Amino acid sequence: MAKLSCSYFLVLILVFSAFLMVERAEGKRCHLTIDKATACSLSDCRLSCYSGYNGVGKCFDDPKVAGPSNCGCIYNC
């Protein structure tokens, strides 16, 4: 019976450590506005975000910044 309980305990520890490793691997997401001065071109935005930050670029309207739509880059911090 003691060997069986020890085996269950070992399996439980392994499963728990696997969950902890998955949480650390996900990371946090960061957002950065690229080139606020010019209007956003979706293809240029995606290319600069991917090449500079290995992220995904999207055009969006920012109420804090006057003018045309901006390029936003979402990437893993």
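Even glycines carry a Cβ here, placed using N, Cα and C.
Per Swiss-Prot, the feature signal peptide maps to 1-27.
In the three-state DSSP scheme, CYS77 (disulfide bond) is classed as coil. Taking a C-beta cut-off of under 8 angstroms and a sequence separation of 6 or more, CYS77 (disulfide bond) has the following same-chain neighbours: GLY27, LYS28, ARG29, CYS30. Annotation comment: Swiss-Prot describes CYS30-CYS77 (among others) as disulfide bond, evidence class similarity to another entry.
In three-state terms derived from DSSP, CYS40 (disulfide bond) belongs to neither a helical nor a strand segment and is classed as coil. Around CYS40 (disulfide bond), the same-chain residues at least 6 positions away in sequence with a Cβ under 8 Å from its Cβ are CYS59, PHE60, PRO68, SER69, ASN70, CYS71. Positions annotated as disulfide bond by Swiss-Prot, on the basis of similarity to another entry: CYS40-CYS59 (among others).
According to Swiss-Prot, the disulfide bond annotation covers CYS45-CYS71 (among others).
Swiss-Prot lists CYS49-CYS73 (among others) with the feature disulfide bond.
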